[in-house]
Structure formats: structure tokens, C-alpha cells
Amino acid sequence: MFLKNILSVLAFALLIDAAPVKRSPGFVTLDFNVKRSLVDPDDPTVEAKRSPLFLEFTPSEFPVDETGRDGDVDKRGPVAVTLHNEAITYTADITVGSDNQKLNVIVDTGSSDLWIPDSNVICIPKWRGDKGDFCKSAGSYSPASSRTSQNLNTRFDIKYGDGSYAKGKLYKDTVGIGGVSVRDQLFANVWSTSARKGILGIGFQSGEATEFDYDNLPISLRNQGIIGKAAYSLYLNSAEASTGQIIFGGIDKAKYSGSLVDLPITSEKKLTVGLRSVNVRGRNVDANTNVLLDSGTTISYFTRSIVRNILYAIGAQMKFDSAGNKVYVADCKTSGTIDFQFGNNLKISVPVSEFLFQTYYTSGKPFPKCEVRIRESEDNILGDNFLRSAYVVYNLDDKKISMAPVKYTSESDIVAIN
């Protein structure tokens with residue numbers, strides 16, 4: 001999850017709940033299922049929390065049919081267009097404690113701490129639709145009911161890029177994931193949060209929000225002999241798919257084309273690699289920068305110069321929504337790819353359509369202009385709309401990330417990472 005203030009968008013989220021897991025020697029596999037629910041989990045703006053967002057177009061800014069009309073709109077006046085955006089979160093079922101208390105948590109490569117809501121947590125409403133005990137609807141933790149619970153009497157405090165936060169105390173207890181049990185796992189038991197569910201951060205130890213480094217889940221899985229390396233692979237599948245997969249300690253060789261290409265991680269705290277250039281429909285943009293590969297971020301973020309070149313290449317135009325936020329739109333039929341060139345001659349090609357999202361007339365009919373799902377930021381982040389086109393292996397031990405073009409298939413050929 002992007003740990004920096006960013007402009008986010010009103011969202012229909014795709015909540016991905018962990019399906020039954022398969023356990024194999026040397027690795028732990030979790031399969032994810034996709035379902036839609038109306039939330040706006042990445043929206044820090046007050047206006048977006050209160051009402052839907054709109055764009056206004058004049059008739060000259062969109063095509064009309066032979067009669068001079070396009071369903072609901074007259075050529076003589078402007079038209080309001082509703083913004084509906086999707087966010088994707090990847091969640092897994094875990095158990096905590098000797099009594100196997102069940103919780104569902106977001107799996108996040110952009111952070112490093114596991115935290116879960118206490119059974120008496122105070123849920124602080126932040127987004128539209130947050131009511132009652134919304135923050136523990138996916139489960140909560142009762143230390144008193146677990147014989148193996150240990151209160152470390154150390155405070156925990158974390159804040160995410162969308163403005164959500166979690167506060168509590170550090171505990172140790174048994175954590176079950178993917179059919180295995182991790183003993184004495186350190187995590188935060190949270191008594192106050194504005195987030196909708198707990199988060200399982202699986203990044204570097206140095207990225208932990210605590211004042212000291214500890215063994216987070218990937219490290220514990222390795223140290224307790226469950227996996228051979230503190231590493232995991234991520235397969236998000238296609239945008240239309242209903243399943244995805246993360247494998248701790250393993251790689252599915254059936255899920256990518258060609259060979260995996262190793263890239264050194266360029267940060268001590270974040271899972272970043274070097275990006276050399278971006279080619280947009282034949283227009284090359286020098287990047288020479290580091291990018292974070294973040295499963296907890298739905299869209300992608302770049303510095304201003306990269307964003308402007310991408311927008312120009314796809315013919316985007318700037319608009320302002322009803323809350324005053326800057327929005328870029330482009331023809332929904334824009335074809336071609338955006339090619340990301342990394343070191344060691346690795347190229348990942350992403351369809352332009354991955355960076356476009358449908359807008360709608362207020363009647364619900366699709367509008368011919370789509371929102372461009374790229375944002376300006378001081379940091380460069382490749383989110384889910386990039387990661388769906390790549391098979392990514394995060395190796396925390398060897399400080400490298402390996403990637404290859406994704407292959408969408410139901411076939412499987414899993415090997416352990418040694």
C-alpha cells in the first residue's frame with residue numbers, strides 16, 4: 001500500500017477473498033476469488049466521500065450518431081458524466097491464536113507489518129458507507145481467548161497513503177495461513193482504525209512501522225522451515241478473471257512466457273527496481289528512475305514528465321470533476337500498448353486499455369471517453385494495472401525481483417524457490 005499522501009479516486013472495489021488453499025512441500029499457495037462491492041477505499045477527498053463525482057462535456061467533445069444525438073444528450077447543451085472507478089485488493093484468510101480465530105486481511109507488498117483489529121476495536125468512519133463496526137466485519141482478535149497470546153506492551157501506529165491509520169499494541173501468537181502454522185508471530189492488535197480490515201504487509205523488515213526490526217511473516221515462514229527462501233510470486237491474472245494467486249516460497253512456471261529476468265532491488269526499505277524507459281504507442285519516454293511494484297495500489301503513479309508524455313501519446317485531454325479534481329480522459333477505443341523497459345533487456349507490454357476506465361452518462365449508459373488511470377506523484381509506482389501484465393517474484397533474501405510477461409492459463413507447474 002502506497003505509504004504517501006496521494007490523490008485517489010471514488011471506487012467500486014474488487015475484494016478478493018482467499019479460496020481454499022493447496023499446501024505443497026517448500027511453498028504455500030493461496031488462490032484468490034474476486035467479488036465486487038461498493039466502496040471507495042482509496043479516496044482521501046471530502047467531496048468524494050459525500051457524493052458521486054461528475055465530469056461535464058460539451059457536445060463538441062464527444063461523438064454523436066447520425067441524428068445529432070447520443071441517447072440522453074442534445075447537441076445544444078453540456079452533458080454530465082459519472083465517474084465510476086475500480087480498486088483491487090487482495091485478501092487472504094488467516095487464523096490467529098490457539099483457538100484459530102478467523103480473519104480476512106489484505107495482502108500488501110507495499111508495507112511490511114501484519115495488524116488485525118481487536119474484538120473491542122473502535123472503528124473510525126472515513127469513507128462513504130462506513131457504519132458501525134465496519135472495521136471488524138472481516139473478523140477480529142480476542143487475546144484473552146487464546147492460550148498462546150503474548151502482550152508485548154509496545155505501542156504500534158501506522159498511517160497509509162489514503163489517510164487511513166491503525167493504532168494498537170504489539171502481540172505474539174500463532175498465525176495460520178495456507179494450511180500451515182507460524183509460531184510466535186509478531187503482529188499488532190489494533191484498538192483504533194479507519195481501515196476496513198486488517199493488513200498483511202509482506203515487504204522488507206526495514207520497512208516495518210515499528211521502532212525495531214522483527215521477523216514479519218515471510219521471514220518467519222523461512223526461519224521456521226516452511227519455505228526455503230523469504231520470497232513469493234504474484235499472479236494477478238487478467239482484468240476479467242475471477243481468480244489470482246500468490247505463492248510463498250514458490251514459482252508457477254506455467255504462468256509466464258519466456259524466462260524470468262532478475263532485477264536488483266534498488267531500495268533498502270521498498271520493493272523498487274530500475275525503470276529505463278516507457279514507450280507509448282511508438283513514442284519513447286526516457287525514465288531512468290526507480291519504481292515500486294505495489295500490489296496494494298490499484299492504479300499507477302509517475303512523476304510529472306512521464307505522465308505528461310504518456311497523456312500526450314494517447315491523446316488525453318484534461319477535465320475537472322465536480323469536486324475540482326484534475327481528471328484526464330481519452331477515447332475508450334485507444335489501441336496499442338505501453339511498453340515498460342527495465343534492465344537486462346526486460347520489456348513488459350501492457351495494453352493501453354489497462355490504463356483506461358469507463359465513464360458513464362448519468363443514465364448509466366457508457367460514455368465514449370474513458371478516464372486515464374495514471375496519476376502524478378513524487379514517487380513512481382506500478383500498481384495493479386501494470387502488475388496484471390507481469391508475473392512477479394519478490395525475493396527478499398536475495399534482494400531481487402524477477403519478472404516475465406504473464407501467461408493467462410489455468411495450468412500449473414509450481415516449483416519451490418531454493
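Cβ atoms here come from the backbone N, Cα and C positions, even for glycine.
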Note to self: Need the cross-check against Swiss-Prot: the disulphide partner of Cys332, picked from Cys135, Cys370.
What the structure shows: Cys370
Margin query: Run through Asp108, Gly110, Cys123, Asp162, Cys332 for me and report the recorded positions whose CA is within 10 Å of the CA of Asp294 (active site), in sequence order.
Written below: Asp108, Gly110
Check: Just counting, how many other CB atoms are there within 10 A of the CB of Cys123 (disulfide bond)?
Finding: 19
Check: So what's the mean pLDDT when you look at the domain 'Peptidase A1' (90-404)?
Finding: 93
Next item on the list: From the recorded positions Asp108, Gly110, Cys123, Ser295, Thr297, pick the residue whose C-alpha lies nearest to the C-alpha of Cys370 (disulfide bond).
Entry: Thr297
